[in-house]
């Protein structure tokens, strides 16, 4: 299993790449985007030293995600990507060829942990 943590400005999410019933799936959620359609794209290298500006050209289009009016996208996509070949590569969330958020895909162990998103308002609460 592989995982990518997205944390860029107000955009946050967790994207998992995992086998489910013999097929590879892309699962997760993202918050903080405006409603609409966005693309999930894997890039050849995982250099995010200058944020999303430092990742190279797109390599693999994973699919589109749909953000609801509350700014939440629930991700459940089929993929033909071999999970072992994407470790260390960058994943971006893009719209109209603009990279809005990104992260590096890493190895994840299967466990029973649940990740909760915490949003903080302008008062720090």
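Cβ atoms here come from the backbone N, Cα and C positions, even for glycine.
Noted in Swiss-Prot for the protein shown:
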- 52-102: disulfide bond (DISULFID)
Three-state secondary structure, residue 102 (disulfide bond) (per DSSP): strand
Assigned element (helix, strand, coil) containing residue 52 (disulfide bond), judged by DSSP: strand
